[in-house]
Amino acid sequence: MSTSLLVRSTLPRALAHRAILPRNNSTLKHAYVPGGPIPKGSANDATTFPPPSPTHGSYHWVFERSLSAALIPLTAAAFVTSGSNFPIVDNLLGLSLVIHSHLGFNQAVVDYLHTRKFPVIGRIATWGLRTLTAATLIGVYQFNANNIGLTELIAKVWTA
């Protein structure tokens, strides 16, 4: 009976003493970090951020909102002055509408077809949008320069 009592009383001390002794860490790849080692190349790696750009973030947001707000008086001015009398206002309206539409569609492409998740379709959609925007800009310019203009067209369709 006394030997089992002696073993029971000394065993936890021996385990506790062994836990306090320093171990040989030569076999470990990483030094001990409180909370555990952090292996490289896993989900624990820090996220890499893109370099800051003035075309993204708050500057981009302010430009989009300013363009949207400027479309209201520009549209009114184009219809009050008549596009054939003032072609610069008609061209500004056409340019602003195309840029406004491009920014909106670009946000949809970025949100739903991001190139990290869809590397092929995302790039096709981005470049397709850019191509269609350039073609639309050329078409709006040609229509304003060689035909009745955007404002006159809308006025004729509205009164038809």
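The backbone N, Cα and C atoms fix where each Cβ goes, glycine too.
Predicted automatically and left uncurated, TrEMBL annotations should be read as such.
Because the structure is a prediction, the values reported are computed rather than measured.
The heme b binding site feature in TrEMBL is assigned to HIS100. Annotation comment: TrEMBL describes TYR112 as ubiquinone binding site.
Ranking the binding-site residues HIS100, TYR112 by C-beta neighbours within 10 Å puts HIS100 at the top. A separation of roughly 19 Å, to the nearest angstrom, links the Cα atoms of HIS100 (heme b binding site) and TYR112 (ubiquinone binding site).
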